[in-house]
Amino acid sequence: MTLTAAPSRPRSAAPPDGVRGFLLAILILAVLLGGAVLIGWLLSGLTARFFPEAPPYLILVFTVGALLLGMPVVARLFPWMVSWYYLVPSLVFLAAFTVLPIVLTVNYAFTNYSGQNSGNPDTGVRTEAALSPDRRTLTLAEIPEGDSLAEFLRCANPNCVGDTAVLYDEDASTPVRAQIASVEGRSVTLTAPVAETFQPVSVTRLNRYEFVGLANFREIFARASSALWPVFVWTVVFAFSTVVINAIAGLILGILLYNKRLKGRNIYRTLLFLPWAIPAVISVQMWKALLNQQFGIVNKSLGLLGIAAIPWLGDPLWAKISVLLVNLWLGFPYMMTATISALATINDDLYEAASIDGASRWQQIQNITLPLLRNSFTPILLSGFAFNFNNFGIIYLLTQGGPTQEGRDATAQSTDILLSWGYNTAFAASGGQNYALASAIALIVFFLTLAISLVNFKAAGVFEEARR
């Protein structure tokens, strides 16, 4: 009797069914992308070690190369994954512009990362140094008065063992980092001799950053009375007031312009739609000029009526009113359009029946229009609140967070919202480029926005629909 080997079982080209298959595909893609990034990072680090002048974009080249080599391997192991490769470009951009910034933000929030503690050489305190004949010892010409050599180098370890010194040659174009074996007096002993091709003439320290735990969050709440609470309250007031004012204006205009007996209603709709069609950047800059206290046309017109010039952007209260008015100009066309679209879904027979029963126009609006608009408007209003909660653009372009207000932090002035407060902390001169503190603020904003989004999803019935 002849025995024949059983044919090998072909791999299934069909993915697992349901949620399990979806999650497995996402997991495989995540492992593929993560592995490619890890390989790219390792190879670029290895290249930089042997070729210090290698360009930093090599990490991207190595990552893409690893990804292209890994995709056929995954396709051979899981044939059904081939159709998922269409998502790879989107996932790459998602990882680069969404996932990576989130990871970095969370990481920085628990460190002291800033302009002064960035992990880069501190060129401001570079001092001359002489190299010994054995090329292992550097003698500094001078140390700032009152500092020891360990303090000058900001050593993290006792006697600077294992810390890093940054060496410069005459060109000072490509610094070399060297590991310290010990320090004594004004002398720095290195763990290995300096290469013959490099002749150091000066040395400086690394502005290293480190893990500080919850220190940034403690600082935020320690200064809550001068920054967090005033800014948070104004952010909520700004977002809520904007939504309410814009909704009322849009609702009134939408109901008026939906009246089929109104002559020229399409012309009115077009004219009132223009503020939404014009880019917001242009509109805000236009309003900033119009509201100028000395030369703005608004105060010029009020002057003709005998009204004194109003400090629209120079007084904390008036600046807040100005922000709300300009945001009304930007936002009411959207609410008006949403109202008109929602009204088109209401059956005209309801209004005819109400008219036959003797209901007035106001009674029809009160008992038919508004109740039927509620379901359509609830998610719009909640999403509008979430958007304006983080509406950085109008604050930055119109008031830059000002004017200044007594008793407030320099980074959290009268019209600053949470997002602009974080921006000022990270990038404005008044914030000292404190990226770690700004990252902690960003995390607080994230959790607040997440809470608003969950309320929005619940109100819109997303969770109930998913359960079905």
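Using N, Cα and C of the backbone, Cβ positions are placed for all residues, glycine too.
Residues or ranges marked as domain 'ABC transmembrane type-1' by TrEMBL: 232-456.
Note on the transmembrane segment (21-44): residues 15, 54, 56, 58-67, 70-71, 74, 78, 81, 84, 87-88, 91-92, 95 of its chain, located 6 or more positions outside it, place their CB under 8 angstroms from a CB of the stretch. The feature transmembrane segment is assigned by TrEMBL to 21-44 (among others).
For 56-78 (among others), the entry in TrEMBL reads transmembrane segment.
Per TrEMBL, the feature transmembrane segment maps to 85-110 (among others).
Under the heading transmembrane segment, TrEMBL lists 231-258 (among others). Using a Cβ-Cβ cut-off under 8 Å and counting only residues 6 or more beyond its ends in the same chain, the transmembrane segment (231-258) has close neighbours at 265, 268-269, 272, 320, 323-324, 327-328, 331-340, 342-344, 365, 369, 373, 377, 381, 384-386, 388-389, 391, 412, 414-418, 421.
Positions annotated as transmembrane segment by TrEMBL: 270-291 (among others). Counting residues 6+ beyond its ends, the transmembrane segment (270-291) has Cβ neighbours under 8 Å at 253, 257, 297-299, 312-313, 322, 326, 329-330, 332-334, 336-337, 393-394, 397-398 in the same chain.
The annotation transmembrane segment is assigned in TrEMBL to 321-346 (among others). If one looks beyond the transmembrane segment (321-346) by at least 6 residues along the same chain, the residues whose Cβ comes under 8 Å of a Cβ in the stretch are 238, 241-242, 245-247, 249-251, 253-255, 257-258, 269, 272-277, 280, 283-284, 287, 291, 312-313, 368-369, 372-373, 376-377, 380, 384, 388, 391, 394-395, 398-399, 415.
Among the features that TrEMBL reports, transmembrane segment is placed at 380-398 (among others).
When Cβ-Cβ distances below 8 Å are used as the criterion, the transmembrane segment (435-457) is approached by residues 104-115, 209, 212, 216-217, 219-220, 379, 382-383, 385-386, 389-390, 418-419, 421-423, 425-426, 463 of the same chain, each at least six residues removed from its ends. TrEMBL lists 435-457 (among others) with the feature transmembrane segment.
Here the transmembrane segment (56-78) has long-range neighbours at 11, 28, 32-33, 35-37, 39-41, 43-44, 47-48, 85, 88, 92, meaning same-chain residues at least 6 beyond its ends whose C-beta is under 8 angstroms from one of its own.
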